[in-house]
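**Q** Starting off with a structure, shown below.
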Amino acid sequence: MSMTRRYSSTQYSNKMSLQSLSSLLLLVTLFFSPAFALKKSYIVYLGSHAHLPQISSAHLDGVAHSHRTFLASFVGSHENAKEAIFYSYKRHINGFAAILDENEAAEIAKHPDVVSVFPNKGRKLHTTHSWNFMLLAKNGVVHKSSLWNKAGYGEDTIIANLDTGVWPESKSFSDEGYGAVPARWKGRCHKDVPCNRKLIGARYFNKGYLAYTGLPSNASYETCRDHDGHGSHTLSTAAGNFVPGANVFGIGNGTASGGSPKARVAAYKVCWPPVDGAECFDADILAAIEAAIEDGVDVLSASVGGDAGDYMSDGIAIGSFHAVKNGVTVVCSAGNSGPKSGTVSNVAPWVITVGASSMDREFQAFVELKNGQSFKGTSLSKPLPEEKMYSLISAADANVANGNVTDALLCKKGSLDPKKVKGKILVCLRGDNARVDKGMQAAAAGAAGMVLCNDKASGNEIISDAHVLPASQIDYKDGETLFSYLSSTKDPKGYIKAPTATLNTKPAPFMASFSSRGPNTITPGILKPDITAPGVNIIAAFTEATGPTDLDSDNRRTPFNTESGTSMSCPHISGVVGLLKTLHPHWSPAAIRSAIMTTSRTRNNRRKPMVDESFKKANPFSYGSGHVQPNKAAHPGLVYDLTTGDYLDFLCAVGYNNTVVQLFAEDPQYTCRQGANLLDFNYPSITVPNLTGSITVTRKLKNVGPPATYNARFREPLGVRVSVEPKQLTFNKTGEVKIFQMTLRPLPVTPSGYVFGELTWTDSHHYVRSPIVVQLSS
C-alpha cells in the first residue's frame, strides 16, 4: 500500500523534528519519573529465622505472606508485592528476591529490620590420577592407612554441588551396589532426571537468572540436566563412583573416581548460559543453599564466584553462613583471576577457599622441529594424519589482508587467511580468547595442526585440551624459542607427536597461573585461599549434550573430559571433607577445615618448596596453608575450632554494628563483645596486616587425639621477632582446650611488604602447622 500525499523534504524534516522533540521530551520525563524508574532484580536480606525444629507448611506460608506485607508498604499494594517477589527465603535464610527500582531498593535498605539490600549479581563458573597423587591409593592399591579405607570411602555422606546440573546417565552416578537412601534425606528429584540410590537429589533454580535477563521461561530453563559439562565434572570429582576404563578419546586410560566414591550426591542447578559474563545469580544461589540445608546435605561444593565483596551483600557468603550454622561444610573455589595479587574470591571465614595446583601426570605431546629441537607440550587431541614434517607458520604471518596482526597472533575469529594457513601447522599465542577457540579458528582456516605457545603470564602452566585438530601447548620459554626459529628460518618445519599419559613428572605440585591469589581484599587479617588441591588437567565425568570444547561446531561426544580451574580443585577438597565427615561425624565445619589446613604440605615431589607457574618460590597467598594431604588430615592431633558465636564476634571485630549482627544471627540477646579483636579470631592461619609495633595474637587448640604434650616450633618471618607462650601444651584428654599467645614485633631494620613464616605444634607424631603472614611498613 503506497502513500499518495507527500511532503517536501524540508516540510517533512521540520514536522518530524517537532514531533520527535516533543516525543523525546515526553519519554525522558516518563523515564526519569519514579513511576517509570528502571527496575532490576534485588535481594532483600532480613537475617536468620528463629524457627522451631519442626516447621509447618502453614508457618512457611505465613513467612511468605509477611514478606509480601513488608514489601507492600514500599510498592503500594499487596498485589504489587506479590508480583514483584520471585523468591521467598522461608526456612533458614530470611529474606526475599524481588523486582524493584533503585528508589524502592534504597528506601527498603533504610528499614531497621533489614540487614542489606543488594543487586542480584551474576557469578562465573571457576572452570583421576589426582587421588593417587594425594596418596589415597598407590598404583591402584588402597592401603590400610588410607583415609579411603578408614572412612569407608565416604559411605552415606551426602555431597551436593551448586553448578550446571548433572548428566544422570554417567557411570559415575550409577547406584549399582548401593543400599537404601539414608532416611535423613528429605530432598527430591526433578522429573527430567532419573535419580537413584547414588544420585539422590536434583533440583533447578532459575528465577534469578530469568529476572536478570528478562527472558521468558521455557523447557531449556526448566531442567536439571547438564548441557555444559561443568556440573557433572565437579560432582563426579567430589563423589563419583569408581569407573574403570575412563579416558578422553583413548588418552589417560584408568579408573576415575571422586574423593568420596561411596557418598550419595545431589545436584542443585543454579548456572545457565552466560549473559554479561555471568552464569549463576545470587538469588538462585541463595534459594539453592536454603533447599540444600533443608534437604539434609552434609557437604556443599560451590565452584562459582565473582569479585570479593562485602559479606552482607554477597549471596554466597550469606547463604554459606546459614549452611555452616546448620552444620553443613561449604567448600568454594578461589577463582581463576591469577596470577595477579588480591584477586581471590569467596573469602568469608566460614567457608573453605580452594586454590588450584598441578599434579604429577601430564598428557605429553612433543613438538619436534626440522633442526632437531624438541619441546615438551601437552594435548588430548588426535594425532596428525601423516608422520612427516609439516610447514610451520606464525599466526602473525597468516593474518588476512589489512587485518590486525595481534588478533591474528592470538588466532581470533576472522583474523586468519586460509590461503596462508592451509595444510600447515599454525603457531598461536595464548591469551584473550579461549584456548579451544584458537584451535577451532586454526581448523576453520585449514591448518593441519596447531602449536599454542604460552604468554608470559601463563609461564610453565600448560593445559591439556581436546582440540578439534592435532595440537600441542608449550610453555613460555619454549614458545619464545619456537617463534625465534620461525622468524630466522627460511622454510621452518615441524611435527606434533601423538599425546601420551606420563606419570611421576616433576616438579609437582606447582601453582596454576590462573589460580586467584591473596591478599584478601575484604578482610586482610584472614589469609585466603585456605588450601590448594589438584586443578589442572583433571579427568572426570562429562555431559553428552555438548562436545568437549563446548563449541557449537564441536560434534564430538565423550563420557569423560579433562578440565582445569579452581572449579576442579574445589571438589577435590569437597571429597576429602566428605571422608572426614564420615570418619568424624561430630566434627564442626571449622574443625574439618582446620584438620585439612594444618596437615597440608608446602613442598613438592623434589622435596623443595612449592613453586608458581614461573617456577619461582610460591607463598601462602597462592597456596594458603599448603597442598592437601588427606591421610594426615584424618588424625590432625589438634584443631582450631570455631562456633557460630565466634563468627558473630568476627563480624563485630571487622566493623558491623550490633543491630546488624543480631539480625544476621536472629538472636536479639546477642551483644558484640567489648574489645572483640580480629587478631584473636581462632583461624588456623595467623595473618597480621600492617605490623608497626608489638602485638599479641591469641589462639585456642582443641585436642582431638589421645593425651599428649605438644611443643611449639616456629620459623620467623624475615624482619619479625616471634615468641610463643606457653611453649608447651599438655592435653590430658580428648576434647580438652588450651590457649596460647604469640607475640610479634618488627625488628629495627625490616623489609617492607609481606613476609612469611610458620608455627608448628608437635608431639613428634602429629605436626599442626599454621602459616604466619605479616605485612611490614618501611
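We count from 1, first residue shown onward.
Heads up, the Cβ atoms here are built off N, Cα and C, so glycines get one too.
Bear in mind that the values here come from a model prediction, so they are computed numbers and not experimental data.
Reproduced below are the annotations present in Swiss-Prot:
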- 1-35: signal peptide (SIGNAL)
- 41-126: domain 'Inhibitor I9' (DOMAIN)
- 130-634: domain 'Peptidase S8' (DOMAIN)
- Asp163: active site, charge relay system (ACT_SITE)
- Asn218: N-linked glycosylation site (CARBOHYD)
- His230: active site, charge relay system (ACT_SITE)
- Asn253: N-linked glycosylation site (CARBOHYD)
- 401-486: domain 'PA' (DOMAIN)
- Asn404: N-linked glycosylation site (CARBOHYD)
- Ser567: active site, charge relay system (ACT_SITE)
- Asn657: N-linked glycosylation site (CARBOHYD)
- Asn690: N-linked glycosylation site (CARBOHYD)
- Asn732: N-linked glycosylation site (CARBOHYD)
**Q** Going by C-alpha distance, which of the recorded positions Asp163, Ser567, Asn657, Asn690, Asn732 is nearest to Asn253 (N-linked glycosylation site)?
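**A** In terms of Cα distance, Asn253 (N-linked glycosylation site) lies closest to Ser567.
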**Q** Where DSSP helix means H, G or I and strand means E or B, what are the helix, strand and coil counts for the domain 'Inhibitor I9' (41-126)?
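**A** Summed by class, the stretch gives 34 helix, 30 strand, 22 coil.
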**Q** Around the C-beta of Asn732 (N-linked glycosylation site), how many further C-beta atoms are within 10 angstroms, looking at every protein chain?
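**A** Here the count is 9.
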**Q** DSSP three-state call for Asn218 (N-linked glycosylation site): helix, strand or coil?
**A** coil
**Q** Between Ser567 (active site, charge relay system) and His230 (active site, charge relay system), what is the CA-CA distance rounded to a whole number of Å?
**A** 8
**Q** Name the residues of the same chain, 6+ apart in sequence, whose Cβ is under 8 Å from the Cβ of Asn657 (N-linked glycosylation site)?
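**A** The list for Asn657 (N-linked glycosylation site) reads Cys672, given in order along the sequence.
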**Q** Let me know how many other Cβ atoms fall within 10 Å of the Cβ of Asn253 (N-linked glycosylation site).
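**A** Total other Cβ atoms inside 10 Å, all chains included: 13.
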**Q** Which one, from the recorded positions His230, Asn690, has the smallest tally of other C-beta atoms lying within 10 Å of its C-beta?
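**A** Lowest Cβ count within 10 Å among the recorded positions (His230, Asn690) is Asn690.
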**Q** Which of the recorded positions Asn218, His230, Asn404, Asn690, Asn732 has its Cα nearest to the Cα of Asp163 (active site, charge relay system)?
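**A** Closest candidate to Asp163 (active site, charge relay system), judged by Cα separation, is His230.
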**Q** Quick one: pull the CA-CA distance for Asn218 (N-linked glycosylation site) versus His230 (active site, charge relay system), whole Å only.
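**A** Approximately 22 Å lies between the Cα of Asn218 (N-linked glycosylation site) and that of His230 (active site, charge relay system).
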**Q** Expressed to the nearest Å, what is the distance separating Asn404 (N-linked glycosylation site) and His230 (active site, charge relay system) at their Cα atoms?
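**A** Checking the Cα atoms of Asn404 (N-linked glycosylation site) and His230 (active site, charge relay system) gives a distance of 34 Å.
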**Q** Is Asn732 (N-linked glycosylation site) helix, strand or coil when read with DSSP?
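**A** Coil, per DSSP.
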**Q** Based on DSSP, tally up the residues of the domain 'PA' (401-486) by helix, strand and coil.
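**A** Helix, strand and coil residues of the domain 'PA' (401-486) number 30 helix, 17 strand, 39 coil.
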**Q** Cα of Asn732 (N-linked glycosylation site) to Cα of His230 (active site, charge relay system): how many Å, rounded?
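**A** The separation of the Cα atoms works out to 48 Å.
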**Q** Cβ neighbours within 10 Å, counted over all protein chains: which one of the recorded positions Asn218, Asn404, Ser567 has the most?
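**A** That would be Ser567, with the highest Cβ count within 10 Å.
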**Q** State the count of C-beta atoms found within 10 angstroms of the C-beta of Asp163 (active site, charge relay system), not counting that atom itself.
**A** 29
